[in-house]
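Asker: Once you've had a glance at the structure underneath, I'll fire off some questions.
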Amino acid sequence: MDLYHTPAGALDKLVAHSLHPAPEFTAAVRRALGSLDNVLRKNGAGGLQRPRVIRIIKGGAHARGTALRGGTDVELVIFLDCLRSFGDQKTCHTEILGAIQALLESWGCNPGPGLTFEFSGPKASGILQFRLASVDQENWIDVSLVPAFDALGQLHSEVKPTPNVYSSLLSSHCQAGEHSACFTELRKNFVNIRPVKLKNLILLVKHWYRQVQTQVVRATLPPSYALELLTIFAWEQGCRKDAFSLAQGLRTVLALIQRNKHLCIFWTENYGFEDPAVGEFLRRQLKRPRPVILDPADPTWDLGNGTAWCWDVLAKEAEYSFNQQCFKEASGALVQPWEGPGLPCAGILDLGHPIQQGAKHALEDNNGHLAVQPMKESLQPSNPARGLPETATKISAMPDPTVTETHKSLKKSVHPKTVSETVVNPSSHVWITQSTASSNTPPGHSSMSTAGSQMGPDLSQIPSKELDSFIQDHLRPSSQFQQQVRQAIDTILCCLREKCVDKVLRVSKGGSFGRGTDLRGKCDVELVIFYKTLGDFKGQNSHQTEILCDMQAQLQRWCQNPAPGLSLQFIEQKSNALHLQLVPTNLSNRVDLSVLPAFDAVGPLKSGAKPLPETYSSLLSSGCQAGEHAACFAELRRNFINTRPAKLRSLMLLVKHWYRQVAARFEGGETAGAALPPAYALELLTVFAWEQGCGEQKFSMAEGLRTVLRLVQQHQSLCIYWTVNYSVQDPAIRAHLLRQLRKARPLILDPADPTWNMDQGNWKLLAQEAAALESQVCLQSRDGNLVPPWDVMPALLHQTPAQNLDKFICEFLQPDRHFLTQVKRAVDTICSFLKENCFRNSTIKVLKVVKGGSSAKGTALQGRSDADLVVFLSCFRQFSEQGSHRAEIIAEIQAQLEACQQKQRFDVKFEISKRKNPRVLSFTLTSKTLLGQSVDFDVLPAFDALGQLKSGSRPDPRVYTDLIQSYSNAGEFSTCFTELQRDFISSRPTKLKSLIRLVKHWYQQCNKTVKGKGSLPPQHGLELLTVYAWERGSQNPQFNMAEGFRTVLELIGQYRQLCVYWTINYGAEDETIGDFLKMQLQKPRPVILDPADPTGNLGHNARWDLLAKEAAAYTSALCCMDKDGNPIKPWPVKAAV
């Protein structure tokens, strides 16, 4: 079913036979959705008010008639009478969704014959998601169930919604596409009234898109619906016939994708420029970075979203496809794309025409001229329109020509030579522009700068190896300018000390200038002046006004030119500070200066000393707003940052430069009202990333940047705070922190002021920009691959309250279930292939292939986990033979693995290690859709000592007597007992396996802390210790997670007494085994015997003291403390059996 190898003439057959959904699955889904529809209508949405279901509309690819075989989607939009406005939809969904989920749980027990039901994690709030799949999992459909406000009501066919529907939508201040569900009916009608063959072309495009998805793991691709709209546009502009060549249509769509940076497409079938509010909004939308593809049903939803999606990945693949078999005629000639307004021309890289929807709907300047950007620099006009950039072109407004005339005109002039030849097409519903951006402007973005600031070169275009020099050359302020600023600040302070009425105690310099994170072009300085008259937090506000008036008067009188080449300008004032600007005569830089009178809460502190606890208890009891008294702690804030290594502060400059470019791109646009998070939040995020993921003086700048960008994308999970200045041991601080930790994420607390949480601002927009930057060269290594981020989680275990540990495990440690299912399916395929094909022409036989490691036990952690594939071979007849002929055996298994890789189809990315080691064979299975999710496998040939063992039965004692007589090193033949090791853990309750995950995560954090000091005990030893703690202390399948964790830490602290073993598989009944066990148990503590292999002592010869030290530190952390600050009590478990 490979598209590229299908001849152009066979594409219709490919669509008919391979892309249309399986009829029996479609019928089963239709029956299931009909049944669910009845249940929902009958029961309503539950709850106290029992809202009435007005109607239910089906959307998504399934309803639009563009569903692909394999996997597709459907949207069930439930219009309820209790939702009377767009605002209601935001606030009322929690109770409604809870009631609907209860209905779904009942209905999902039996969704219909041939179907399975499983809930999925919601991609957005206000939505319930589940999956219906065929029993063989070959076909599935993701169902999104959305309660919605019936904005449209009962629409008549071909009747536009009233304009007030859209003006009401825009006045609701919604996010882009937030209420798209309300317009599902329009979206569905827009697509499924199209000719059958056009929908076949859509299937072909989506099949190509799916093939790209399987090859790209990390990139965030545009939604497939964007490609449906692009396909419709291509057909409208270039064909409009019911019968056409699929190859030609596909070639046209891919050419548009290749030229995506010039796309600006919209339709006016449902909304237009007639209404002033809608018209003004559309004008702003059409100025967004390319590509712009507006949903024909909801103008707030830009499917192109040039700043969020990796269109460049699709464009690269589109370009690669043009010479493939699917675009070759039988004669060998290449298929040419359609020609038409706004479409690429054969052999010409630029798009054919800049086009607008119609003269009366076009964007007009003050003189009534249409503003369209030129296709080439040579087309720039000599007299640009007033108020427009120099690159804008003036085109005289002209009456609407008829459709027929427009098409004739366009056919004659595909690539216009003069602007006057450009025509206006009333039927095309599109405006396409060509930008002439500078080399420093990234694809899809306009180059914007704030007056008085220097943006510098575009970060996305800087190779990763040049980032250090880029920071030095373009981001660091000049030492001469910094000296000027210091001189000006000293002059200002001297003036205030001498001239002001009130006595100044001391001064603190803060802001980015004080912290050493100021960027070239524009920086901020915070001068906090501590006055004797401001004696406490509560009294600070009462005297501030008169002090500020005095300050302003003195500065205006005495300090107009505080330093040579710098002038002082007063700007808009706020109630608690004086705001000024230091402006150099050449206007090359700008310094925003805030002067704040404040209460000296901290006093002069010695280096490294903490403020007194009463400082913070006084702050919390003052009843202040969040961050209201942040200025009082400016010195602590400055010291927290400027004591960091120079390279870490360079990384902060890089992050802030990216942040500044994002802010400039959206300045004055539709998102301008939704301010970005404060830049200081990104400084703290950068410190957190470095502390948790690196901690070294020298590091890769690209890796650090990518880590910060990844954390920005995880903003909904961020929980970050430090206790360098305040402590959880203080009851008032602890109670305050626990309240803060109950808030929605992100949570980033100022390390100097615990009341200041930097959750404000449009984190979603910043996350979209972070995702867009991840595909650029600044984050690519020399071989073109993305540099790896540091291993940093968005929240820390020791900062998680004890009562939240189950949630912490579920959110951050539990692997994705769908990925685990994919891995299991892939491993089953590999095992079967190896068993059937290895040593086919040899006397050696593969007896069985067994999966081991954390993945098999059910204790794998989210992210990168490990597993073993143990291949039991007939050529090994005893333990001592296991090492013989290893190189030849590994070579044969590798050859078959490579054959399996080529011949079999996998839902995951299957990579065999290229490491040249004749004794080791490894491969990795990686998710194609989830970032950072993979399992590393080691393939291990082994002697089948156990044979076919029945479940629950003990091995023959002779197995262990042979083992004892054969082994030389502890655990030498442990691979032979993989099945027993796996079953010992996998049979345990689910919650116990969650506790094992928690202990393993803690262990991995400890490994980072003690790196270089010695080898910690093996991780498997801690798994066994956790099982022992539960067996001896609880045995309840539903135990308290904090108590279980605390017990394991307690046992680690008692490592000198540890003696743990089991007799589930071996015992003292046999004399040889009994004597051996006595010898093992008499060895120095700790002793933890492998329950499957008595030769394996997992407590021997490791730095338990380092682990015990870390365990002791954790017992006083929030995760081991109840809400009153008392330590969680461990279970009563003895350290020895």
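Placement of Cβ uses the backbone N, Cα and C atoms for every residue, glycine included.
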Asker: Using only what Swiss-Prot says about Mg(2+) binding by Asp866, Asp868, identify which of Asp791, Asp806, Asp938 is listed for that site too.
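Answerer: Candidate in the recorded Mg(2+) site: Asp938.
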Asker: Among Gln981, Gln1019, which residue shares the ATP site with Ser854, Arg997, Lys1000 according to Swiss-Prot?
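Answerer: According to Swiss-Prot, the candidate sharing the ATP site with Ser854, Arg997, Lys1000 is Gln1019.
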Asker: Which residues, given as numbers and ranges, are at least 6 beyond the ends of the region 'Interaction with dsRNA' (12-56) yet have a Cβ under 8 Å from it?
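Answerer: Contacts with the region 'Interaction with dsRNA' (12-56): 1, 3, 6, 62, 67-69, 72, 74, 76-83, 95-96, 98-100, 102-104, 107, 111-115, 132, 134, 138-139, 141, 143, 147, 150, 200, 203-204, 207, 246.
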Asker: Taking only the Cα atoms, work out how far Ser854 (ATP binding site) lies from Asp242 (site 'Interaction with dsRNA'), in Å, as a whole number.
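Answerer: Cα of Ser854 (ATP binding site) to Cα of Asp242 (site 'Interaction with dsRNA') measures 56 Å after rounding.
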Asker: 10 Å Cβ neighbour count around Asp242 (site 'Interaction with dsRNA')?
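Answerer: Looking across every protein chain shown, the total is 10.
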Asker: Among Gln154, Arg997, Lys1000, Gln1019, these being the recorded positions, pick the one whose CA is nearest to that of Asp242 (site 'Interaction with dsRNA').
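Answerer: So, of the listed recorded positions, the one sitting closest to Asp242 (site 'Interaction with dsRNA') is Gln154.
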Asker: Max Cα distance spanning Ser854, Arg997, Lys1000, Gln1019 (ATP binders), Å?
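Answerer: Per the listed residues, the maximum Cα distance equals 11 Å.
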Asker: Taking only the Cα atoms, work out how far Gln154 (site 'Interaction with dsRNA') lies from Gln1019 (ATP binding site), in Å, as a whole number.
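Answerer: On Cα coordinates alone, these residues lie 63 Å apart.
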Asker: Let me spell it out: for each of the recorded positions (Gln154, Ser854), count the other Cβ atoms within 10 Å of that residue's Cβ, using every protein chain shown. Which one has the most?
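Answerer: Its Cβ has the most other Cβ atoms within 10 Å: Ser854.
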Asker: Can you give me the residues near the recorded ATP site, meaning same chain, not Ser854, Arg997, Lys1000, Gln1019 themselves, Cβ no more than 8 Å from the center of the site's Cβ atoms?
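Answerer: Going along the sequence, the neighbours appear as Thr859, Ala860, Leu861, Ser865, Ile996, Val999, His1001, Tyr1003, Leu1022, Glu1023.
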Asker: List every residue in the same chain as Lys1000 (ATP binding site), at least 6 positions away in sequence, whose Cβ is under 8 Å from its Cβ.
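Answerer: Set apart from Lys1000 (ATP binding site) by at least 6 residues yet with Cβ under 8 Å, we have Ser854, Thr859, Leu861, Gln1019, Leu1022, Glu1023.
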Asker: Roughly where does the region 'OAS domain 1' (6-341) sit in mean pLDDT, to the nearest integer?
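Answerer: Taking every residue in the region 'OAS domain 1' (6-341) and averaging pLDDT yields 89.
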